[in-house]
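For reference, the structure is listed below as structure tokens.
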Amino acid sequence: MSCAFFQCLLVYILDLSVGYLTVTLESLPPIVIGDTVTLKCNFRTDGNLREIVWFRVTEGGNAKQKIFTYDAMYNTNFSHMEDFSRREDLVYQSTVRLPEVQMADDGPYECHVGIYDRASRDRVVLASGSIILTVMVPPKSISVIAADCPAPFSRYEVQNFTLVCIVTGGKPAPLVQFKRDGELIEVVPSVLEDTEFQAQGRGLAGLRGSRPLISRDLDDTKLKKSLSLLDQDQGKAPRLHQDTPETGGTGKMRGAGVEPGGLEGSEPSLTTTEVIKETVVNREFPRWVQSTDPLYYFQVRRQVSSDGTVEVRAMLTWSLNPQLDNDALFSCEVKHPALSMPMQAEVTLSAPRGPKLTMTPAKAKVGDTVRITVHGLQVSSTGNMVFPEPLFIWTRVGGLLLDGREEHVGRELVLDRVPAELNGSMFRCTAQNPLGSTDTHTRLIVFENPRLRKGRQHFVIDAASFIEALGLATMLPMIALTQEMI
């Protein structure tokens, strides 16, 4: 026989002695938290099985946690009890079921398989495979807020307005889009936007073009125009980050001053405070504010939380037009692979209406601490609540506040130890947000305090008695001196 024949025979004998083992794991799609998943490990061998061990890889691959073990030595029905010299090609599958997966189950898994060496029962041939289990978490909450609010109303200056959509608890980061009146807004990615989201933004399909005017925008009852401004040249609406025209006039209207009257000693009336009818500021805008195709700038920020979920803040910024944007419906739509349908949060931009004021105590007396508080706002005819949150500014008509300031900012005005001089004073509460402004007035009636008047009378009586006693004490020495001289 030739040498080639003996070489082939030797290779065949060695192959019979060692055997072969291949291990593969079936790939898995991302799993939604709370679902049940089955990990499958397939291996092919012509040898006798020794053991199967499953591991969960933790700490970035630095540690392994054993989650399942199968030892063939304790199973008498397995093939290793047969004649191990018999060559047989067998396919096996080992499965591990993980019920109600949680975020802690996310990560790599390994399947280790060992077979007996065909040459010796004391030696084991090992092979392994790995797979990554990705656990998805749907967003937990979604909300829309206005940035930099509360903010004042500007009648003649263009204001940049920003809506912020906050989405928390999702993994991976969701896709966030803005809509106006149900139509997807075409956005301009901001230069501050991360490159990852820019790629997503360019891939958005179905974005509408410039928003056409709808019937609400053409309502002449809403678009109150000043006749003095109609003759101005029509210009292109200013864009974001561009210079705005010079402003003219002030943005405040003040009521006629009311001098406080001294009503001390008058008969108390049944009504202690006088609520003046709401005065709505007439909003007049220059022609250049009116724009039917504003540019919407989009920016998104992501922050990974300690539990592995992502908080997303998507910001939509444009040049606000109070005439067209008032009562406009903006919605934030969130799409996520763990959601069967998109999440959505809506806000309706609305200018404030008359504040509802309450005064305590209801019957203020001299020396009391008076609190005038805003307890809500009137609801518009369309039923929309005020958004964004208004800014409340308190002033005293025709004078300064009790502490000497011209105005006070906040939902409550506190007057400490009111004097009688404040009787009849008129106080104005101005509620304003970037969409408009409105005023409500209330009058303070201060009554006499019987305790203070009684104390003052006692002081007068005591003073007269003191003077009378002092005069008598002075006259006695003078009489004695006169008698001595005589």
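Here the Cβ of each residue, glycine as well, is placed from N, Cα and C on the backbone.
Some features that TrEMBL has for this protein:
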SIGNAL    1-19  signal peptide
DOMAIN    34-127  domain 'Ig-like'
REGION    233-270  region 'Disordered'
COMPBIAS  233-244  compositional bias 'Basic and acidic residues'
COMPBIAS  248-264  compositional bias 'Gly residues'
DOMAIN    355-445  domain 'Ig-like'
Query: How does the model score the domain 'Ig-like' (355-445) in terms of mean pLDDT?
result: 91
Field: DSSP-derived helix, strand and coil totals, residue by residue, for the domain 'Ig-like' (34-127)
entry: 12 helix, 51 strand, 31 coil
Message: Please count the residues of the domain 'Ig-like' (355-445) that DSSP assigns to helix (H, G, I), strand (E, B) and coil.
response: 3 helix, 47 strand, 41 coil
